[in-house]
Amino acid sequence: MPFWGLQKQLGIDVDSFLLRQSMAQPHGQAAACHAFEREWVECGHGLGQTRARRECQLEYEDFMECMKRTKL
């Protein structure tokens, strides 16, 4: 069965908020925390939720530090 962009066709946005930095940016420039989010997503890809929380904790903490700007 072919993949259809049903959400885009209907004009609804259900799950794109999950990847904040990876979305298309207005001026085509990568967002500030894009690299941290990418590392976190690549680490957790294919592991499953339980294992990814345990094994990708460092990447997630780096991403949250960048998003919240706690350690500048």
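The backbone N, Cα and C atoms fix where each Cβ goes, glycine too.
In TrEMBL this protein carries:
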{"type": "DISULFID", "residues": "C33-C66", "note": "disulfide bond"}
{"type": "DISULFID", "residues": "C43-C56", "note": "disulfide bond"}
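Locations of recorded TrEMBL features on the structure.
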| residue | record | CB count, 10 Å |
| --- | --- | --- |
| C33 | disulfide bond | 20 |
| C43 | disulfide bond | 16 |
| C56 | disulfide bond | 19 |
| C66 | disulfide bond | 19 |
Statement: Between the C-alpha atoms of C66 (disulfide bond) and C56 (disulfide bond), the distance in angstrom, to the nearest integer, is 16
Cα separation, C33 (disulfide bond) to C43 (disulfide bond) (Å, whole number): 16
Query: Can you tell me how far the Cα of C56 (disulfide bond) sits from the Cα of C33 (disulfide bond), in Å?
result: 16
